[in-house]
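Database features (Swiss-Prot):
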type	residues	note
BINDING	His12, His14, Glu107, Asp217	Zn(2+) 1 binding site
BINDING	Glu107, His147, His170	Zn(2+) 2 binding site
Amino acid sequence: MGAVGVGLVDCHCHLSAPDFDHDLDDVLKKAKEANVMALVVVAEHSGEFEKIMQLSQRYNGFVLPCLGVHPVQGVSPEDQRSVTLKDLDVALPIIENYKDQLLAIGEVGLDFSPRFAGTDEQKEEQRQVLIRQVQLAKRLNLPLNVHSRSAGRPTISLLNEQGADKVLLHAFDGRPSVAMEGVKAGYFFSIPPSIIRSGQQKLVKQLPLTSICLETDSPALGPEKQVRNEPRNISISAEYIAQVKGVSVEEVIEVTTQNALKLFPKLQRLLPK
């Protein structure tokens, strides 16, 4: 498409990851060349909040910040553990400090993978951390950028019970029938480039295009396993969705960008007038 027409929005990526420390300028240049108009950058733990805010200032109007506490904490794989309310207590004052600059609260959610949430106590604490962040998002009138690995139904139920309305479920791994409960509630689902090699292809078939957004989850969930993903690969998601839905890539880009604008109202201000 080049620079003509509507740009793409990467609704969920991790640009503060160390994987991008050495060449972020180049990565963002390639994203712009691939017609990406906005990058929604999410946090996982309070230790990266300042870095994300600095990136959003450095690439103002292109990198849009979300702050939140992920259900899995710990920077390196061997340190990873289920979130606690203490993790949230450290994060909340920083989120409050930046509340006016945020696009959304995220990445938040539930992760019931057995290695992180093997006990009912851990699951319950994850729920409490999520409930408090849903309440925070409602108070600040911000959308939620949500993780739900191995916890599709519990996550959608909790969001519903708490009255969350603007919700993005990223890289949803639950059953399509569970996803449809989210569609009924008005939630959006973002599809990463790994869709071309994942078991979630039925999900794309069943979700209406009006409920789909695009994401990369960079540096994870790329088209090839073990290869660093980056925002320019978002076109792979768009092409795959177009193929499954039997529509043009242009239509997928147009509809998913409109969906992103509905979901993240602050994006409107960034559009060229």
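Each position is counted from 1, following the chain as shown.
Just so you know, glycine gets a Cβ as well, placed from its N, Cα and C.
Quantities reported herein were computed from a predicted structural model and do not represent experimental measurements.
In sequence order, Cys13, Val42, Gly106, Asn145, His147, His170, Ala171, Glu215, Ser218, Ala220 are the residues of the same chain, not among His12, His14, Glu107, Asp217, whose CB sits within 8 A of the CB centroid for the Zn(2+) 1 site. Comparing the binding-site residues His12, His14, His147 by how many other C-beta atoms lie within 10 angstroms of each C-beta, the top residue is His12. The Zn(2+) 2 site is defined by Glu107, His147, His170, and by the 8 Å test on Cβ atoms against their centroid, the other residues of the chain that qualify are His12, Val42, His70, Gly106, Val108, Gly109, Asn145, Val146, Ser148, Leu169, Ala171, Asp217. The two recorded residues, His147 (Zn(2+) 2 binding site) and Asp217 (Zn(2+) 1 binding site), have Cα atoms 11 Å apart.
Between Asp217 (Zn(2+) 1 binding site) and His170 (Zn(2+) 2 binding site), the C-alpha separation comes to 8 Å.
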